[in-house]
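Summarising the annotation, TrEMBL assigns active site to ASP80. Among the features that TrEMBL reports, active site, proton acceptor is placed at GLU175. Per TrEMBL, the feature Zn(2+) 1 binding site maps to HIS78, ASP141, ASP198. As annotated by TrEMBL, Zn(2+) 2 binding site applies to ASP141, GLU176, HIS379. Taken from TrEMBL, the feature domain 'Peptidase M20 dimerisation' covers 207-307.
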Amino acid sequence: MQHIIDRFISYVTIDTQSDSSSETTPSTEKQWNLAKKLAEELRSIGLEDVSIDDNAYIMATLPSNVDHEVPTIGFISHFDTSPDFSGTNVKPNIIENYDGNDIVLNEEKNIILSSSYFHDLLQYIGQTLITTDGTTLLGADDKAGITEIVTAMEYLVKHPEIKHGAIRIGFTPDEEIGRGAHKFDIEKFGAKWAYTMDGSQIGELEYENFNAASAKITINGKSVHPGYAKGKMVNAVLIANHIIADLPRHEIPEETDGRDGFFHVHTVHGEIENASIELIIRDHDLQRFNERKELLKVLVKKYNHKYDDCISLELKDQYFNMKEKIEPVYHIVEIAKKAMEDIGIKPIIKPIRGGTDGSQLSYMGLPCPNIFAGGHNFHGKYEYVPVESMQKAVEVIIRICELTAHQ
Ligand SMILES: [Zn+2]
């Protein structure tokens with residue numbers, strides 16, 4: 001267990017925060033610091049074909065050790081951390097034999113990780129937790145995933161009696177700004193399917209995510225002196241207001257969960273002459289997703305009819321539910337599920353209310369469900385990871401390799 005802790009700490013203490021305002025890949029120069037170290041480490045544990053390209057994408061191979069044909073599979077993680085919270089000077093705190101009580105992350109600043117607020121903590125009583133010191137995020141998202149993959153590969157190299165096909169490893173920059181898959185060369189990767197090790201609590205197994213689109217509605221009004229405006233003024237603010245009021249009132253993020261989709265109006269700008277509404281649309285179901293987009297078109301048409309074509313709509317698809325790509329190859333989910341059950345983990349299969357790099361990769365031709373990496377409370381100072389969960393993830397990876405060779 002100390003081995004996993006040491007490896008994890010060696011990664012999280014290197015700042016790799018990504019930056020969506022940057023155009024380069026990786027988005028921040030500092031991501032190279034960990035990328036180079038990882039490439040070096042993959043070589044030193046005995047993997048082959050270790051490569052790091054100009055955009056800091058890392059790939060490596062654990063060659064097959066069986067004679068029969070086995071599909072090449074992959075494991076993928078990202079080494080950047082979220083721009084939402086500082087990743088500079090991460091000072092991990094190790095709590096052995098966790099007793100279920102509140103954890104004081106930072107006495108000076110009175111920052112407390114409380115089990116009465118974060119109930120999930122209670123399932124880890126008796127385990128070893130790694131937390132922050134309250135001033136940064138931890139970076140278990142997704143350096144836990146990287147730790148697990150490297151550790152599993154190292155184990156397989158040292159234990160040739162465990163039989164497996166060729167295993168490909170992929171580590172990416174910039175996942176947190178939605179670009180982790182953008183420059184991922186799936187041809188070069190050459191796997192039939194892969195798993196992102198990027199989920200949260202132990203047992204998570206995900207192959208459904210939202211269909212996602214963004215929309216911007218722009219309204220051009222006509223400003224006229226209000227005393228003489230009858231029949232002449234077109235008030236863009238009020239039209240924006242009508243459009244928003246026509247959206248389904250309860251289909252919003254704060255009132256939906258599970259597989260219920262929503263409209264989320266997140267930005268409104270307005271004056272009489274000009275107003276805009278920016279919103280996102282989310283739905284797991286493709287038909288309902290399309291209906292939501294259609295509703296926006298209908299509303300814009302309705303008010304264009306009334307207000308002389310002063311409204312325009314810009315709709316952009318962002319990503320799609322990977323379920324469409326996973327269901328035809330559902331055995332890849334079954335393998336992960338069986339791997340968990342074989343080592344005593346109860347799989348938690350649930351739809352992601354967001355997107356993952358796996359969904360983009362799935363649409364690029366590499367079906368890619370998501371498996372737990374073990375951490376909780378991502379992207380903030382309350383982030384923590386139980387070491388036992390990381391250990392279990394290592395075992396899941398090893399078992400998946402084994403099961404694939406048996407198939
Ligand atoms: Zn992540």
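Positions of Cβ are set from backbone N, Cα and C atoms, glycine also.
Given the structure is predicted, the values throughout are model-derived calculations rather than measurements.
In this view, the densest Cβ surroundings among the recorded positions ASP80, ASP141, GLU175, GLU176, ASP198 belong to ASP80, judged by other Cβ atoms lying within 10 Å.
Taking the binding-site residues HIS78, HIS379 in turn, the residue surrounded by the fewest other Cβ atoms inside 10 Å of its Cβ turns out to be HIS379. Checking each of the recorded positions GLU175, GLU176, HIS379 against HIS78 (Zn(2+) 1 binding site) by C-alpha distance, the shortest gap belongs to GLU175.
Screening the recorded positions ASP80, ASP141, ASP198, HIS379 for a C-beta under 6 A from any atom of ligand 1 leaves ASP141, ASP198. The Zn(2+) 2 site, placed at the center of the C-beta atoms of ASP141, GLU176, HIS379, has further neighbours from the same chain whose C-beta lies within 8 angstroms: THR81, SER82, ASP84, LEU137, ASP142, PHE378. In terms of C-alpha distance, the listed recorded positions ASP80, ASP141, ASP198 place ASP80 closest to GLU176 (Zn(2+) 2 binding site). What surrounds the Zn(2+) 1 site, by Cβ distance within 8 Å of the Cβ centroid and not counting HIS78, ASP141, ASP198, is the set SER77, ASP142, GLY145, GLU175, GLU176, THR196, MET197, ASP357, ALA373 from the same chain. In this structure, the C-alpha atom of ASP80 (active site) lies 11 angstrom from that of HIS379 (Zn(2+) 2 binding site). Look at the domain 'Peptidase M20 dimerisation' (207-307): DSSP puts its residues at 38 helix, 31 strand, 32 coil. The domain 'Peptidase M20 dimerisation' (207-307) scores a mean pLDDT of 97 in the predicted structure.
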